[in-house]
């Protein structure tokens, strides 16, 4: 178990801030899971205090954890707030956990829906970016890894670069350095940063993805600048164990190939 951050935020309830009330948060996580990393980035960026309990994803889940999350996945969030959520609430699935935290503690990550006339539009733009990444880019990560090493893998990586240039590059035209012209992380980065990190880590290693893949991504003007800023952010990198992620992924790929 570990405790991280300092809670300076106040929860929003029924459109009003509940001052001097700090939630009790327990995050069930694994530092090598990109989805759990979304929750870490959100909590750390919001400067919320939380306890983390590490879940071993390489062994069958203990019954006590299945009682918390029957799917056995991470992250799971246990959340209570005195006088409001006296009985702890359990939230699962990374996007839902991150969205809940952002909505509970409005910040530059994600503006409150009625914060100003442009807030709803900003949220819609972020949602479109995340959807584009999830539908157009995310599938390539596994496709590149499972492709035959050599020409086939290079070709699949090139497809991803072209898709990135077509679908993502235009959406980052206004990044300064983060999505939508923001000078601070947004929900767009929360949802995509763990996968950006892994793409470049795998490419640098050269075994899971071609080294040329990372070089070509860096050469995309908008994506190159944006991804550099994302990967240099302290909250993005805090729990990221590059060597562990790379070696763990290699191990899983070999296990899948042996089946």
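Note that Cβ sites are derived from N, Cα and C of the backbone, with glycine treated the same way.
A TrEMBL annotation is a machine prediction, not a hand-curated record.
Values in this document were obtained by computation on a predicted structure and should not be read as measured data.
As written in TrEMBL, here are the features:
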type   : residues : note
DOMAIN : 23-109   : domain 'GST N-terminal'
DOMAIN : 119-259  : domain 'GST C-terminal'
Checklist entry - What is the three-state DSSP composition of the domain 'GST N-terminal' (23-109), stated as helix, strand and coil residue counts? => result 29 helix, 26 strand, 32 coil
Item to check | the domain 'GST C-terminal' (119-259): DSSP-derived helix, strand, coil residue counts | outcome: 114 helix, 2 strand, 25 coil
Checklist entry - Mean pLDDT, the domain 'GST C-terminal' (119-259)? => result 97
